[in-house]
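These notes concern the structure reproduced below.
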């Protein structure tokens with residue numbers, strides 16, 4: 001699993017990247033009450049806002065950590081947005097994206113991400 | 001985020017000791033949440049929540065002319081307000097716009113005790129000091145903190161410390177010795193629940209806060225839940241749902257216009273306000289039930305069923321109690337009737353909404369049985 005500086009994570013399985021938000025991001029948001037995930041077929045570019053996550057207080061954009069075509073948004077989050085708090089780096093994934101480039105340039109592994117969090 | 005230096009309340013260290021997440025609000029470093037907004041919201045609706053609202057402005061207005069001078073800028077009848085009672089009112093500018101909303105009461109026989117919003121307090125106090133004439137004198141109570149305890153178990157919690165508080169009705173107030181010190185207390189709040197607001201000396205605030213938290217029925221509640229609680233209660237937040245451009249009629253706060261004051265038409269902005277009462281305002285604050293999609297928040301457009309934008313949401317979000325999204329906003333009066341179908345536009349997507357009555361969640365103020 002790799003992480004962006006915007007606190008998204010990505011996990012590659014062949015050319016499919018599963019993406020979501022980190023435990024740190026989920027904890028910082030607090031109680032998640034609504035998630036808008038992208039529809040299958042949507043093309044996203046690295047750094048684009050591709051989803052929205054809302055806590056009681058505010059709406060926040062989620063930025064794509066990779067470029068590609070969305071093959072699935074996590075439908076569970078529509079009815080159970082609290083899954084993002086319960087298991088942000090597992091069942092609370094946001095989307096699966098078919099990518100042409102599986103490089104992790106510009107992303108951090110967990111040790112580097114933890115070190116990055118320590119600087120915040 | 002700004003780099004402004006935030007002021008602190010006397011409870012700042014207590015919030016940090018409780019692990020609160022702190023944010024800047026109204027110029028103060030305040031707790032937005034402790035264990036989480038939803039849990040704190042529900043705790044307040046079921047038990048008793050403790051709030052630090054020391055950022056709000058407290059003052060006394062005293063002197064023979066205090067009431068008459070204060071009334072020039074508010075539309076409530078304070079001349080007939082009995083000692084031991086307080087009243088919600090609005091500080092009006094010359095155009096009848098709402099500079100602030102406030103609570104003013106007579107906790108004793110020494111003029112008025114007034115509580116105003118944190119973000120407006122410096123302006124309010126400067127305005128009143130500059131404009132109060134005669135011998136009316138405004139004294140800012142910067143030596144006092146303000147603690148609110150709210151929820152269905154608040155009365156029992158407070159009665160254990162001072163039995164007389166159980167005999168207060170909603171909007172009763174007093175100056176009395178509580179926790180061994182001189183306090184102003186009112187049975188009121190900003191959550192729609194029964195409860196009290198307690199003004200305490202700064203030096204005693206942390207001791208009193210910690211004493212109240214020792215009761216298992218009481219948990220600390222941050223500004224996040226304070227906002228969702230007041231939204232459910234249909235209570236406007238100044239600077240968002242009402243502001244210096246909105247009149248009491250537009251803001252659906254006509255209950256704050258006393259009959260005698262309307263007859264005398266002797267308060268700031270009376271011309272505009274009385275005209276709006278007679279002819280109707282051009283817009284009015286309504287409650288909306290958002291029936292699908294994302295929460296509609298401040299700034300979201302409100303459209304009619306043809307898609308024409310007719311107004312804006314001024315605050316909104318999920319209602320933890322109702323389990324759906326609610327909002328308040330302004331629409332022309334012809335769209336304000338209960339049951340009117342409208343749309344709210346969130347991130348470009350229209351979602352079905354309906355005009356509903358406020359409060360969204362029934363208020364549970366304690367009203368004394370009639371003798």
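Easy rule for this one: first residue shown is 1, then count along the chain.
Every residue, even glycine, has its Cβ placed from backbone N, Cα and C.
Curation does not apply to TrEMBL; its annotations are automatic.
Feature list (source: TrEMBL):
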| type | residues | note |
| --- | --- | --- |
| DOMAIN | A:16-98 | domain 'Lipoyl-binding' |
| MOD_RES | A:57 | N6-lipoyllysine |
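Averaged across the domain 'Lipoyl-binding' (A:16-98), the predicted model reaches a pLDDT of 96. Helix, strand and coil content of the domain 'Lipoyl-binding' (A:16-98), in residues and according to DSSP, is 15 helix, 35 strand, 33 coil. Long-range Cβ proximity for residue A:57 (N6-lipoyllysine), meaning a same-chain Cβ under 8 A and a gap of 6 or more residues, is found for A:30.
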